[in-house]
Amino acid sequence: MPQCECPEPLSAVQLKRLEEHKYSAAGRSLFEPPCQIYWNWLVQQIPTWVAPNTLTTIGLVINVITTVILVYYSPTATEEVPGWAFFLSALGLFIYQSLDAIDGKQARRTNSSSALGELFDHGCDAVSTVFVAVGTCICCGIGAYPNWMFFCGFVGMFMFFCAHWQTYVSGTLRFGLVDVTEVQIAIIIMYLLTAFTGVSFWEMRVPVLGVNLQTFPILGIIGGFLYSTYNYFFVIMNGGVGKNGSTVADTSVLTPGLHIGLILTLAFIIFKKSSSHLFEHHPCLYVLTFGMVIAKISNKLVVAHMTKSELHLQDTAFIGPGLLFLNQYFNSYIDEHIVLWIAMVLSLVDLVRYCTAVCLQIASHLRIRVFSISPQGHAHKD
């Protein structure tokens with residue numbers, strides 16, 4: 001019987017360019033030098049038979065599980081959460097940050113660096129960004145303010161996408177003085193503080209200023225957004241390394257903006273036009289649903305950079321948000337909460353399917369294993 005096989009996500013030309021890819025990074029964040037002492041010690045404690053991708057995956061799974069516990073107790077990002085859950089989230093994020101920082105060191109230590117390792121690392125970061133954003137909103141009880149919940153929920157994903165957008169344009173991943181490490185440490189401190197004081201702590205008013213304590217993390221997020229976005233778009237708008245100032249794939253530097261712009265526009269329209277106040281009643285599920293979509297297109301952007309290929313707008317990732325939009329167009333014929341769950345499942349399955357297919361195809365092409373160290377492999381700087 002003839003078998004129907006799904007087309008592989010990468011073409012032969014893309015795989016060839018992937019072999020030629022060289023990792024390029026610039027800049028050093030504020031806390032990186034002291035953290036390097038800890039990371040260098042930690043990687044020496046890891047057995048040499050443990051694959052770098054295994055470390056990253058373990059960290060991501062722990063980070064996701066601890067955040068899901070927060071969502072279980074606080075689905076609207078307004079409820080009180082047991083202190084132990086925030087302790088677990090702080091520990092989960094610390095473990096993820098630690099393992100994510102040493103996966104490249106483990107790859108070099110075991111002579112197993114590869115383009116797959118770089119892609120895998122960025123892919124896990126894309127997913128982690130979604131869950132950390134939700135956890136932070138729950139920590140501060142920002143769900144009480146839907147507009148701020150929307151902003152704080154999606155701004156981190158937008159900045160992550162922009163970081164790789166400027167990489168797609170310039171060919172180099174740039175780190176700022178205040179970057180991911182600093183943000184993660186700040187969130188860990190917030191988790192621990194909330195574990196001792198409760199979510200209601202952030203609702204306390206500062207006597208002199210007359211504002212809630214929630215204002216300060218929001219201001220920090222706004223400041224980080226303005227600082228990072230300015231740096232990213234300074235690189236993007238000054239032209240890329242391709243022909244006539246184009247991207248590494250010789251395409252327009254503005255093309256990736258269509259992807260993130262479309263998904264955020266859909267998310268905002270559905271939020272504001274919902275007759276059942278979908279976002280207000282289910283903010284965490286809403287952010288997670290659209291977060292899976294953004295994680296998918298962020299992964300595609302990383303692949304496009306590493307394979308020097310065009311980023312196409314047509315994508316199955318938009319099916320879930322499209323269903324929500326169409327349902328609203330037909331006056332919410334189906335309960336929006338049900339459609340949101342359907343969109344969540346579709347978006348999650350689509351993300352997992354794409355990432356799995358890409359990893360398996362690259363591993364097969366490079367003759368390496370995803371979660372174990374191959375005797376022989378193609379060495380790329382990780």
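Any Cβ shown, glycine's included, is placed from N, Cα and C.
Placement of ILE142 and ILE373 with respect to the membrane, taken from Swiss-Prot, is on opposing sides.
The Cα of ASP125 (Mg(2+) 2 binding site) lies closest to that of ASP100, out of the recorded positions ASP100, ASP103, ARG108, GLU118. Of the ranges 150-168, 255-270, 283-305, the one with the most Cβ pairs under 8 Å to the transmembrane segment (115-139) is 283-305.
Cα separation, ASP103 (Mg(2+) 1 binding site) to GLU118 (site 'Increases basicity of active site His'), rounded: 9 Å. A simple way to gauge crowding: the CB of ASP121 (Mg(2+) 1 binding site) has 21 other CB atoms within 10 angstroms, across all the protein chains here.
Confidence across the topological domain 'Lumenal' (271-282), taken as the mean pLDDT and rounded to a whole number, stands at 94.
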